[in-house]
Amino acid sequence: MGKKLVMAQKRGETRALCLGVAMVVCAAITYYVLGTTVLPLYQKSVWTQESICHLIETNIKDQEELEGKKVPQYPCLWVNVSAVGRWAMLYHTEDTRDQNQQCSYIPRNLDNYQTALADVKKVRANFYKHHEFYCLSAPQVNETSVVYQRLYGPQVLLFSFFWPTFLLTGGLLLIAMVKLNRSLSILAAQK
């Protein structure tokens with residue numbers, strides 16, 4: 001009976017040790033992936049200066065109003081603000097500016113025009129409720145645009161690195177507990 005218990009204990013310890021090592025390896029791989037994808041995007045972002053934006057005007061540009069230019073197939077919200085002592089065009093995120101420089105906000109659902117228009121009107125109403133809000137600007141003097149939020153800000157970075165850190169800590173604790181259990185069982189066997 002005693003030999004079977006020792007064998008089962010060793011098998012369980014081996015499995016727990018393998019689980020701990022697997023957790024540490026997965027955390028290392030996740031750190032590598034995040035370090036090569038999210039971290040460079042965070043470091044590349046120039047939108048670092050936080051300021052207070054004052055709403056000047058908003059306008060919903062429709063397909064008819066954009067004649068002669070590349071016409072988007074969705075309603076376009078254009079927001080003009082005063083930030084850091086100058087007039088600026090507000091963009092929802094950095095990607096919004098890259099997708100269409102004429103639009104401050106691009107609706108999520110572009111399949112249905114009426115749903116997209118309702119979404120744009122809802123966002124416009126929120127701007128009228130809050131005339132002052134925080135925005136991010138680039139430190140360059142001649143920059144005439146600001147963003148409402150960064151895609152890869154400090155919160156996203158913290159949340160992205162939380163789970164691999166949790167996995168790494170759990171794996172290391174599991175390995176430490178197995179090693180402690182082995183050393184305590186050796187000490188108990190010597191007595």
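Each Cβ is built from the backbone N, Cα and C atoms, and glycine gets one as well.
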Revision key, fill the gap. Between N142, N181, the N-linked glycosylation site label in Swiss-Prot belongs to N142
Check your understanding: Just counting, how many other CB atoms are there within 10 A of the CB of N80 (N-linked glycosylation site)?
Key -> 15
Study note, to complete from the structure: Summed over the topological domain 'Cytoplasmic' (177-191), the DSSP helix, strand and coil counts are 14 helix, 0 strand, 1 coil
Review point. By Cβ distance under 8 Å, which residues at least 6 away from the ends of the topological domain 'Cytoplasmic' (177-191) in the same chain are close to it?
Key: 9, 13, 16-17, 20
